[in-house]
Amino acid sequence: MKRLVYMDWLRVLATIAVVTIHVAAGYVSVLDANNASRWMAGNLFESISRASVPIFVMISGALLLKGTKDISVGEFLQKRASKVIIPFIAWSAIFYAYGAYAGYFPASLKQGIKHFLTDTIGGHLWFLYMIVGIYLITPLLKIFVKNAKKREIEYFLILWLYASVIVNLVKYYYPINFNIELFYVTNYVGYFLLGYYLSNFDISKKWRNISYIGGFVGFISTFFITYYYTVKANGQLDQFWYGYFAPGVVLMAIGLFIFFKYAFQKSERELPLLFRFINQASLGIYILHFFLLNNLLYMVFPKVNNHVHAILAIPINVTITIVLSMVITLVLQRIPVVKKLVP
C-alpha cells in the first residue's frame, strides 16, 4: 500500500502543535496589563496550535476506516487497538507509580485503580482514554462507512456539527438545554469520520479555497475573540474559543487537513530527517512531553524566559521539549519489549 506522505506531515504538525499548547499554557492563564505582550505571544501560539488534537483524530479516522477489507472485532483489537491500549495502561501505571514515589498519589493499588478508572493520573492522558474509546467502536464505524453513500456520511457530519459545535456555541451565549438527544454523533467520533471523509473523497478546487479561507478566519477569530473575552473577564482566560469544538478550531482543522492533502498528495519524497524522527516518535512525544514539562523542564524554561521575549521563548521551549521527548522515545523504541510502550 502506497504511503500517504501528507498524513506524515499532518502527524508531525499535530505533534509539534500539541506540545506548543502545553508550553504556551503558562503564558496565557492570566492577562497582566503590565506585560500584555507576553500574554499576546502565548495567545498567538495557543490559537495557531489548537487544531492539533482534531488533526490527530482525523488522521486516525482516515487510516483506520479506509479500505473495503473486512476485519473482525478480535482481529482489529489485536492488531490495531492493542498498539494504543498497551501504552495507555502501561504509562498510566508508570506515571502513577512515579506520583506515589513523589508523594502526589497514595502508594495504594486500590487508589491506583481508582485514579486510572477516573482519568486523574495525568492531565494529558485524557486523549488516550478518548482514542481508546473510539478504537473500540471502529469496527462498527467501518461497517457504516463501507456501506454508506457520500451523502449519508455528509448527513452524519452535519448532525455532528450541529450537536457538537452549534449547540455548544449557542449555550456559550444562552445557557439553555436542548432536548434532542444526539449523543451518538457528538464529540470526537465526528472528527474521526471527518478525517475519513476528507481523505477518501475529492474536494473541488472551489471548496478547497473556501476551506483555506475558513482556516485563516478560524485562526484570526480564535486569537482576537479569546483576547476580547479574556479582557471582559478581567484578565482571566476565557478558554471556550480554544476548545476543540469551537468554530474557529474546527475551521482550522478542516483547512489544514485539506491543504496538506492536496499539497503532498502526489509527493513520494520522504520527510526531512528531523521530521521523520518526530513522525516515528509521535505517540511517545505526546505521552512523555507533559511529564517532562512538569517534572524537569519547568526548571529550565525560566532561564530561557529571562533572556528573550515570549515570542522567541515559546518556540525555543517547544524545541527543547520535542527534542528531549523524541530522543527518549527513539531510545526506548530500540529496547526489546519496552518498545511496545512507544510504538
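Including glycine, each Cβ sits where the backbone N, Cα and C put it.
Noted in TrEMBL for the protein shown:
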type     : residues : note
DOMAIN   : 5-325    : domain 'Acyltransferase 3'
TRANSMEM : 9-28     : transmembrane segment
TRANSMEM : 48-65    : transmembrane segment
TRANSMEM : 85-105   : transmembrane segment
TRANSMEM : 125-145  : transmembrane segment
TRANSMEM : 157-174  : transmembrane segment
TRANSMEM : 180-198  : transmembrane segment
TRANSMEM : 210-229  : transmembrane segment
TRANSMEM : 241-260  : transmembrane segment
TRANSMEM : 281-301  : transmembrane segment
TRANSMEM : 307-332  : transmembrane segment
Can the transmembrane segment (48-65) be said to touch the transmembrane segment (85-105) if we require at least 3 CB pairs below 8 Å and skip pairs under 6 apart in sequence?
no
What residues in the same chain, six or more past the boundaries of the transmembrane segment (281-301), come closer than 8 Å to it by Cβ-Cβ distance?
11-12, 14-15, 18-19, 22-23, 26, 84, 87, 91, 95, 98, 102, 122-124, 127-128, 313, 317, 320-322, 324-326, 328-330, 332-333, 341-343
Give the one range among 9-28, 157-174, 180-198 whose Cβ atoms make the most pairs under 8 Å with those of the transmembrane segment (125-145).
180-198
Near the transmembrane segment (307-332), which residues from the same chain, at least 6 beyond its ends, have a CB less than 8 A from one of its CBs?
15-16, 19-20, 23-24, 27, 37-38, 41-42, 44-45, 277-278, 280-281, 283-285, 288-289, 292-293, 297, 300-301, 338-339, 341-342
What else in the chain is close to the transmembrane segment (241-260), if you only count residues 6 or more beyond its ends and a Cβ gap under 8 Å?
6, 9-10, 13, 46-47, 50-51, 53-55, 58, 161, 164-165, 168-169, 187-188, 191, 194-195, 198-199, 203, 208, 211-222, 225-226, 229
